[in-house]
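Chemist: Following this message is one structure expressed as structure tokens.
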Amino acid sequence: MANSRQRAAGSKRTRSRAMRIIDLLERKLGRFAIPNLTLYLIAGQSFFYVMYLTGKLERSSTYFSADLLMAGEWWRIFTIPFDPPRSGVLFTLIAWYFFYMLGSALEEYWGAFRYNAYLFLGCLITLGASFLVPAYPISNAFLAGSVFLAFAALFPEFEILLFFILPVKIKWLALLTWLGYAYQFIFGDWTARVMVLAATANFLIFFARDILLNLRQGRRQIAKKVAKAPRKEQPLTHKCTTCGITDKTDPEMDFRYCPKCNGQYGYCRDHIFSHEHKK
């Protein structure tokens, strides 16, 4: 019984506070989770995309901005998840396929409630961040981006065919994405920094424990490699030909070379005058 309690306590300590809150919410609200949420999002985006193509709706009708919300356009809170990609038909279909593949995998891995919470948290943070840059129009590109980063973190060795030809592990594409975010955050303006933080906040919250564990493990591995690395032996400078003492075994000893010996023979101060000369 004591061991089981210790294991349970250890398990709690290894989980982040955010994950413990989500576990609690799942026990309370798990029955309200929406299964196949990715499919519903793509269906809604498809509807608005067709409306755009047929000219029945303006392209600006579904994005979100705090200024428009404060002006009375409250429906934008609900339309932003269904804001479709702003590209041609072919690339839009590819984007939807990719989003469905990754989102479905995350839902299967996490469960419907946790996946719902991940997307909802991303939406909520982004909507909140928009009030810091109220005039900036926000699309739902962060949804697909955060799903991509989460999938790459969980399945880093998964390969996709880039341009349908070149196999690339998804972890390298995620690395490029993070580098792009870092560039925008460092060299971009205030708006870019806010959007980068909003786009990655739900990922950082969900994966905070894993990131910290990886950093600690990396430091331990580096320390082990340094400890196991062979130390370079310092070359001997002086050695007594008679007794074998060296300046390494006895740093305080004085050494001299005998000019009467045939060759370079060194001796400590105890044998410099008492040794037999080598001819």
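Glycine residues also receive a Cβ, built from the backbone N, Cα and C atoms like all the rest.
Pulled these from TrEMBL:
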type	residues	note
TRANSMEM	37-55	transmembrane segment
TRANSMEM	88-106	transmembrane segment
TRANSMEM	118-136	transmembrane segment
TRANSMEM	142-165	transmembrane segment
TRANSMEM	172-188	transmembrane segment
TRANSMEM	194-215	transmembrane segment
Chemist: Sequence-remote contacts (6 or more beyond its ends) of the transmembrane segment (37-55), Cβ cut-off under 8 Å?
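Modeler: Contacts of the transmembrane segment (37-55) (Cβ under 8 Å, skipping residues fewer than 6 from its ends): 61-62, 79, 81-85, 89, 92, 96, 99-100, 103-104, 107, 112, 115-116, 119, 143.
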Chemist: Any residues 6+ beyond the ends of the transmembrane segment (142-165) with a Cβ under 8 Å from its own?
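Modeler: 41, 81, 95, 98-99, 102-103, 105-106, 109, 118-119, 122-123, 126, 171, 173-174, 177-178, 195, 198-200, 202-203, 206-207, 210.
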